[in-house]
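Structure first, commentary second.
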């Protein structure tokens, strides 16, 4: 199972964003004014400013996540979000565990439901590990031996995004039409934010959620899966109520 954890974020992120926003409107703005920004100031000003669509201020707050146990299929989609920073486990220097297929690869649930197909998958994955190991034993460097490994191999990655990019990421990847693995990573990232009392308000104020939450309607139109709008909104609401 993929593990996601919020490792670090801008100290006082909502105060930082509010303080930055007020430079445009407040004659009394100063560097020192940051220390005077209270939670009450945040609650008064930030929702109003965001309601005007002034979202560039969200870029002043950044969040760093660790993601472990997802496949390279997932991270290949993740790094398409270009306004972010990524550092991923290297297959050049980290040797793949050749002993355990299920510990080394992500196998979709759809495959696990078909016992005959699952057996074939495991045999092929095991064979790829054997060839990987054999290549290294024959003197092939890991950077070349890794070419035999499929995209399902598990990986680890550190991701840093600013709050505005996170909103864009959530809009696309929390949607039911997103691929299942990156969708679950996105929901776990959102949950990591919701767990923290000082961060939770920004989820509603900035509408951190799928696009149906952000826009108030589903932009996928005829591509929308049946019942998706209701399910997604309920999942988002339940997440907020949980914490």
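Each residue, glycine too, has its Cβ placed from N, Cα and C.
According to Swiss-Prot, the protein carries these features:
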DOMAIN    2-207  domain 'ThyX'
BINDING   56, 80, 81, 82, 88, 162, 163, 164, 168  FAD binding site
BINDING   77, 78, 79, 80, 88, 89, 90, 91, 92, 146, 173  dUMP binding site
MOTIF     80-90  motif 'ThyX motif'
ACT_SITE  173  active site, involved in ionization of N3 of dUMP, leading to its activation
Sparsest Cβ surroundings (other CB atoms within 10 Å) among the binding-site residues 81, 92, 168, 173: 92
The motif 'ThyX motif' (80-90), counted residue by residue under DSSP: helix, strand, coil: 0 helix, 5 strand, 6 coil
Cα-nearest neighbour of residue 79 (dUMP binding site) within the listed binding-site residues, 88, 163, 168: 88
For residue 56 (FAD binding site): DSSP state (helix, strand, coil): helix
Number of other Cβ atoms within 10 Å of the Cβ of residue 163 (FAD binding site) across all protein chains: 25
Site with most surrounding Cβ atoms, counting all protein chains shown within 10 Å, from the binding-site residues 56, 77, 88, 90: 77
Among the FAD-binding set 56, 80, 81, 82, 88, 162, 163, 164, 168, as the record gives it, the longest Cα-Cα distance in Å: 28
Segment confidence, the domain 'ThyX' (2-207), expressed as mean pLDDT: 94
Largest CA-to-CA spread of dUMP binders 77, 78, 79, 80, 88, 89, 90, 91, 92, 146, 173, angstrom: 29
